[in-house]
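Notes follow the structure.
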Amino acid sequence: MVLAFQLVSFTYIWIILKPNVCAASNIKMTHQRCSSSMKQTCKQETRMKKDDSTKARPQKYEQLLHIEDNDFAMRPGFGGSPVPVGIDVHVESIDSISETNMDFTMTFYLRHYWKDERLSFPSTANKSMTFDHRLTRKIWVPDIFFVHSKRSFIHDTTMENIMLRVHPDGNVLLSLRITVSAMCFMDFSRFPLDTQNCSLELESYAYNEDDLMLYWKHGNKSLNTEEHMSLSQFFIEDFSASSGLAFYSSTGWYNRLFINFVLRRHVFFFVLQTYFPAILMVMLSWVSFWIDRRAVPARVSLGITTVLTMSTIITAVSASMPQVSYLKAVDVYLWVSSLFVFLSVIEYAAVNYLTTVEERKQFKKTGKISRMYNIDAVQAMAFDGCYHDSEIDMDQTSLSLNSEDFMRRKSICSPSTDSSRIKRRKSLGGHVGRIILENNHVIDTYSRILFPIVYILFNLFYWGVYV
């Protein structure tokens with residue numbers, strides 16, 4: 001009886017405790033699975049819960065920074081001394097220089113430093129807090145703008161490139177990545193052997209020197225550049241930072257910061273594209289001095305071709321430059337070169353004209369003699385290339401001799417033998433030809449020497465002055 005009672009009691013206790021044992025067994029199995037298959041995931045979740053400062057922090061950043069308790073439309077220390085705002089710049093690249101528009105495009109990091117005690121917060125570790133662009137719309141930030149800028153924007157890939165860092169004592173750092181296109185007043189009087197001085201100017205738009213003091217944070221070291229920054233047509237000689245004051249009659253004096261840089265143009269590109277073709281055209285025009293004076297089409301065509309080529313070079317250079325009201329160095333060189341090419345054409349015109357005049361004189365002197373020796377003057381001049389049959393009025397009556405003059409001249413000029421007649425004919429023709437050749441070639445001969453010498457002297461003077 002007692003044994004039966006104990007058996008019933010043990011069975012009853014077992015039925016009651018069995019769910020708890022199973023539950024404990026399930027918990028143990030679950031823990032083992034977590035330890036084996038999801039061990040890494042569990043650790044990550046535990047770490048995230050431990051490091052989640054947003055949940056650990058008892059208040060929002062608006063409350064921590066007293067955003068709701070202060071009027072951030074007013075500058076820090078309003079009514080007192082001007083707020084100091086330090087600036088430093090890291091130039092990432094100079095993207096382009098446009099001579100036509102007289103501007104440049106620059107990408108850089110702009111950093112502002114100031115102190116706003118309204119943003120101070122307690123911190124045991126003395127660590128700063130970093131925010132993105134959203135907080136900049138709720139607090140006071142310096143209103144820096146770029147003087148003489150045409151276009152500017154803050155990069156927004158993948159979000160707006162704005163970083164705001166607030167320290168416990170109220171010191172604030174604002175960093176932006178900006179691209180600006182600004183004016184650069186260029187002087188092209190020495191182009192393309194020029195050096196340009198450009199500057200980007202920073203200034204507060206609303207706050208004059210009584211409210212905001214703008215200065216370079218680290219002096220001359222506040223401006224930094226990339227080590228291997230370069231341009232296709234310019235060599236960057238110098239980067240420097242400076243400061244000054246700007247006066248506006250209606251609002252007063254403002255602090256202004258300057259980012260100055262000096263650009264020296266690479267001249268080798270223009271030597272290949274402009275100077276060398278111009279020199280070749282001038283030298284090609286000199287070939288005309290060695291071509292026979294009778295080759296009218298060859299010399300005229302060569303002269304016209306060189307003149308048109310020089311005009312094309314001048315037009316191409318002018319199209320890529322702003323329309324300034326003064327001569328540039330390249331204009332001086334191209335126009336003087338064009339003058340040499342043009343003078344070579346004028347030289348042949350003078351040679352051809354003097355040859356024509358001389359041959360007319362010789363024709364008048366030898367017309368009657370040529371008739372006695374049965375030389376057709378019209379054919380002789382046509383062969384020379386200076387006259388045509390239609391240009392000569394051959395009046396037979398004027399060329400005919402009366403019988404008395406003919407007999408008298410015949411008695412004087414008729415040779416005694418055939419050999420003496422041939423000798424006299426050669427002597428007469430050689431004398432006339434020598435006169436024509438001498439009068440014609442004297443200009444070409446001097447031009448072959450004079451043109452190159454003068455052009456070389458011009459080049460020595462030009463490069464000596466501009467280089």
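Heads up, the Cβ atoms here are built off N, Cα and C, so glycines get one too.
Residues within less than 8 Å, Cβ to Cβ, of Glu203 (4-aminobutanoate binding site) and separated from it by at least 6 positions along the same chain comprise Ile144, Phe145, Val147, Leu214, Ala246, Tyr254, Asn255, Arg256, Leu257. Per Swiss-Prot, 4-aminobutanoate binding site is recorded for Arg111, Ser175, Glu203, and the stated evidence type is similarity to another entry.
In the shown protein chains, 20 other C-beta atoms lie within 10 A of the C-beta of Cys198 (disulfide bond). In the three-state DSSP scheme, Cys198 (disulfide bond) is classed as strand. The disulfide bond feature in Swiss-Prot is assigned to Cys184-Cys198; the stated evidence is similarity to another entry.
Per Swiss-Prot, transmembrane segment is recorded for 267-287 (among others), and the stated evidence type is sequence analysis. Only residues 6 or more beyond the boundaries of the transmembrane segment (267-287), in the same chain, are considered here, and those with a CB under 8 A from a CB of the stretch are 192-193, 233, 302-303, 306, 309-310, 313, 317, 330, 333-334, 337, 340-341, 344-345, 447-448, 451-452, 455.
Swiss-Prot lists 288-299 (among others) with the feature topological domain 'Cytoplasmic'. Over the topological domain 'Cytoplasmic' (288-299) the predicted model carries a mean pLDDT of 88.
Positions annotated as transmembrane segment by Swiss-Prot, on the basis of sequence analysis: 300-320 (among others).
The transmembrane segment annotation in Swiss-Prot covers 332-352 (among others), and the record cites sequence analysis as its basis.
Per Swiss-Prot, topological domain 'Cytoplasmic' is recorded for 353-446 (among others).
Listed as Cβ neighbours of the transmembrane segment (447-467) (distance under 8 Å, sequence separation of 6 or more from its ends, same chain) are residues 190, 193, 282, 286, 289-290, 329, 332-333, 336, 340, 343-344, 347. What Swiss-Prot records for 447-467 (among others) is transmembrane segment, and it gives sequence analysis as the kind of evidence.
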Beyond the flanks of the transmembrane segment (300-320) by 6 or more, those residues with Cβ under 8 Å of it: 99-100, 274, 277-278, 281-282, 284-285, 287-288, 291, 330-331, 334-335, 337-338, 341-342, 344-345, 348
Distant-in-sequence neighbours of the transmembrane segment (332-352), which means Cβ under 8 A and at least six residues beyond its ends: 274-275, 278-279, 281-282, 285-286, 288-289, 293, 296, 299-300, 303-304, 306-307, 310-311, 313-314, 317, 386, 440, 443-444, 447, 451, 454-455, 458, 462
Most distant Cα pair in Å, residues Arg111, Ser175, Glu203 binding 4-aminobutanoate: 16
Cβ neighbour count (within 10 Å, all chains shown) around Cys184 (disulfide bond): 19
Where Cys184 (disulfide bond) sits in the secondary structure, as DSSP reduces it to three classes: coil
Cα separation, Cys184 (disulfide bond) to Ser175 (4-aminobutanoate binding site) (Å, whole number): 25
For the topological domain 'Cytoplasmic' (288-299), residues assigned helix / strand / coil by DSSP: 7 helix, 0 strand, 5 coil
